[in-house]
Amino acid sequence: MSDMSGDVVEHPKLLFDRPNEPLITPKGDNKAVFQLSEKLVPPEYANNGVELNDRFGDDATEKIPLKTLDSYPAFTKASQLPSDADFSLLLPKHQEMATEVIDAFMNVPLNQLQDFLSTCVYARANLNPQLFNYCYSVALMHRDDTKNVPIQNFAETFPSKFMDSQVFQRAREVTAVLPQNVPRIPIIIPRDYTATDLEEEHRLAYWREDIGVNLHHWHWHLVYPFTASQRSIVAKDRRGELFFHMHQQLIARYNCERLNHSLKRVKKFSNWREPIPEAYFPKLDSLTSARGWPPRQANMYWQDLNRPVDGLNITINDMERWRRNVEEAISTGRVTKADGSSAELDIDTLGNMLEASILSPNRELYGSIHNNGHSFAAYMHDPTHRYLESFGVIADEATTMRDPFFYRWHAWIDDTCQRHKESAYVRPYTRSELENPGVQVTSVSVETAGGQPNTLNTFWMSSDVDLSKGLDFSDRGAVYARFTYLNNRPFRYVININNTGSARRTTVRIFMAPKFDERNLVWSLADQRKMFIEMDRFVQPLNAGQNTITRNSTDSSVTIPFEQTFRDLSPQGSDPRRTSLAEFNFCGCGWPQHMLVPKGTEAGAAYQLFVMLSNYDLDSVDQPGGNQLSCVEASSFCGLKDKKYPDRRSMGFPFDRPSSIATNIEDFILPNMALQDITIRLSNVVEQNPRNPPSAV
């Protein structure tokens with residue numbers, strides 16, 4: 001059973017289905033039943049579980065036999081997490097539990113897939129569903145023999161993390177009243193269900209609460225976990241630098257949206273003892289714990305954390321001490337390792353120190369500032385567990401980007417990394433690093449079918465997502481929720497080049513930034529460089545003489561296709577952009593295509609498009625196992641599976657460092673670069689997705 005064909009892909013997939021329902025019940029649309037022995041029955045069904053399982057098996061279309069193992073993992077730590085608790089990787093106790101479970105899954109010998117399935121079924125029966133889902137996903141992604149098993153869309157298995165809690169009561173009613181084969185009308189999710197525009201931060205709710213944006217963050221942290229016993233799971237190429245770059249781009253994109261709404265750029269949270277004016281009421285319920293996510297009132301403070309149940313005992317003094325040590329490392333350009341020796345500080349080390357991942361050079365000295373900051377923010381309402389309250393949305397990778405404070409915290413993280421980039425130990429780029437002799441960009445433009453030149457068009461779209469895979473304890477059949485989100489008309493870049501040298505390759509780098517700052521003044525480059533959002537990056541052959549490059553927006557190296565954010569789990573592989581599932585599991589991490597372009601304004605927001613054709617001799621990477629890239633999607637944010645990051649330059653190049661000579665973007669432009677004024681215009685209407693199920697129109 002070592003090949004991953006047919007059943008061996010289908011059966012592991014079923015462990016994602018209806019995560020809060022026990023495995024005794026049928027799974028999947030075909031009502032498949034796992035044949036459980038007493039050892040594999042959940043503890044609460046110990047008396048009659050096998051009998052119930054057999055009874056369900058009588059109606060099943062498929063019965064899945066399970067191999068009986070000589071021994072099962074003890075899960076001494078992981079079994080302590082109650083099945084109805086919420087799970088957060090940011091809590092030390094939960095990290096230890098996750099490490100224990102991932103070890104058990106990774107330690108099953110390769111190609112012993114019956115053993116692997118039985119081990120996972122045992123874990124699924126005995127462990128918290130959210131803990132299981134995370135560990136199972138990481139294991140599937142990192143085992144060579146399971147990488148063809150698709151990681152299920154988290155918004156469909158745990159829909160309560162992505163949408164208004166009132167939806168689920170209505171959804172259960174629909175499944176109970178309407179038979180499975182009757183078309184069901186979608187449940188409409190209103191656009192403004194968490195607040196009103198009296199709260200100015202709410203103007204950005206469409207962006208912060210977007211399903212695709214939150215799925216991106218969840219999937220990125222699945223691909224780049226910060227802790228594991230097997231170092232190789234964490235120690236991926238340039239991982240710390242990617243932590244900086246991906247989050248830097250989130251802040252830049254968020255700031256673009258803020259400017260479109262006449263708001264200032266996000267203010268970093270740097271005084272950790274001052275009140276936090278931003279309140280947040282998530283209006284989400286956890287279907288696992290059957291409780292609402294705790295809100296945060298305005299003007300609450302961080303407080304020292306002492307929650308033994310979570311393994312948290314940290315003071316603000318600890319955080320400030322770690323911060324001083326990080327600042328000293330930045331100001332001296334040196335980092336002190338755990339053994340007392342010192343090494344040069346680079347951005348990759350700084351990212352791992354700040355987060356902190358297990359790759360941090362010295363956890364004792366530099367702590368875990370980023371992760372603990374999330375915990376401080378998540379427990380302001382109950383820092384000592386006096387009220388038995390769980391954490392706020394900011395401590396869960398799938399919900400954290402909903403909270404306005406996420407951006408204030410990450411603005412501080414980004415500012416700390418930028419101080420390193422601006423320090424004397426990181427030299428600005430020289431002209432020879434920026435130029436590409438013989439390559440001259442003569443013009444650049446963007447075109448939209450039937451639209452005005454150099455104008456990008458955004459609009460609202462409403463789409464349906466099927467909730468039935470996450471609706472535990474209800475009848476089968478599709479139940480759709482319809483929600484509205486920002487989208488953009490497809491466009492293409494047209495770049496004209498004169499190459500006076502011989503034929504060669506080049507890397508095309510495309511960025512965009514608002515033309516004016518909050519005061520409607522022209523930016524200084526020192527500020528605008530942090531506002532440039534990466535739109536695309538690709539390698540292109542150039543002929544001698546005149547060349548014209550056209551590139552579609554849907555081919556962006558930053559994004560994943562729309563279908564991957566809102567895909568149904570069953571019809572796999574119909575997307576021509578996806579070569580195989582293994583790459584999807586990795587490349588499923590990526591910025592959502594529908595959020596590629598900032599919202600703009602109805603009057604038209606002024607942006608600048610920047611295009612650079614860099615010298616490929618300085619860009620190219622020698623990949624292990626050759627340069628055959630299996631997955632081109634979203635490599636800018638997510639790297640490539642089992643390979644080096646596909647660009648030798650610093651992430652964010654050429655804007656990751658200040659310029660020593662240019663004071664504004666016009667001064668920065670060399671012959672191999674071009675700048676083009678463009679307009680982003682919002683059409684404030686809602687269009688139906690033509691792919692919505694016919695029953696739902």
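Placement of Cβ uses the backbone N, Cα and C atoms for every residue, glycine included.
Sequence annotations record features per position, and here Swiss-Prot assigns Cu cation A binding site to His217, His221, His247 based on similarity to another entry. According to DSSP, His221 (Cu cation A binding site) is assigned to a helical segment.
Swiss-Prot lists Asn260 (among others) with the feature N-linked glycosylation site. Secondary structure from DSSP puts Asn260 (N-linked glycosylation site) in a helix. Within the same chain, residues at least six positions away from Asn260 (N-linked glycosylation site) with a Cβ under 8 Å of its Cβ are Pro514, Pro598, Lys599, Gly600, Thr601, Ala605, Ile680.
Secondary structure at Asn313 (N-linked glycosylation site), taken from DSSP and collapsed to helix, strand or coil, is strand. Counting only residues at least six positions away in the same chain, the Cβ atoms of Leu305, Asn306, Arg307 sit under 8 Å from the Cβ of Asn313 (N-linked glycosylation site). The feature N-linked glycosylation site is assigned by Swiss-Prot to Asn313 (among others).
Listed in sequence order, Phe226, Gly240, Phe243, Ser368, His370, Asn371 are the same-chain residues at least 6 apart in sequence whose CB falls under 8 Å from the CB of Glu355 (active site, proton acceptor). DSSP classifies Glu355 (active site, proton acceptor) as helix under the three-state reduction. Positions annotated as active site, proton acceptor by Swiss-Prot, on the basis of similarity to another entry: Glu355.
Under the three-state DSSP scheme, His374 (Cu cation B binding site) falls in the helix class. On its own chain, His374 (Cu cation B binding site) has Leu90, Ile394, Ala395, Thr400, Trp409 as residues at least 6 apart in sequence with a Cβ closer than 8 Å to its own Cβ. The Cu cation B binding site feature in Swiss-Prot is assigned to His370, His374, His410.
According to DSSP, Asn498 (N-linked glycosylation site) sits within a strand segment. Positions annotated as N-linked glycosylation site by Swiss-Prot, on the basis of sequence analysis: Asn498 (among others).
The feature N-linked glycosylation site is assigned by Swiss-Prot to Asn552 (among others), with sequence analysis given as support. The secondary structure of Asn552 (N-linked glycosylation site), as reduced to three states from DSSP, is extended strand. A sphere of 10 angstroms centred on the C-beta of Asn552 (N-linked glycosylation site) encloses 11 other C-beta atoms.
Annotated disulfide bond per Swiss-Prot: Cys587-Cys631 (among others), in sequence order.
Within 10 Å of the Cβ of Cys589 (disulfide bond) there are 28 other Cβ atoms, across all protein chains. Look at Swiss-Prot and you will find Cys589-Cys638 (among others) tagged as disulfide bond.
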If I take the Cα of His410 (Cu cation B binding site) as reference, which of the recorded positions His217, His221, His247, Asn552, Cys638 has the closest Cα? His247
CB-centroid shell, 8 A cutoff, Cu cation B site His370, His374, His410, site residues removed: His247, Glu355, Asn371, Gly373, Phe406, Trp409, Ile413
Taking Cα-Cα distance, which of the binding-site residues His217, His221, His247 are within 10 Å of Cys589 (disulfide bond)? His217, His221
How many neighbouring Cβ atoms, not counting its own, are there within 10 Å of the Cβ of Asn498 (N-linked glycosylation site)? 15
Setting His217, His221, His247 aside, what same-chain residues sit with their Cβ within 8 Å of the center of the Cβ atoms that define the Cu cation A site, listed in sequence order? His216, Trp218, Trp220, Met246, Leu250, Glu397, Thr400, Met401
Spatially, which candidate from the recorded positions Asn498, Asn552, Cys638 is nearest to His217 (Cu cation A binding site), comparing Cα atoms? Cys638
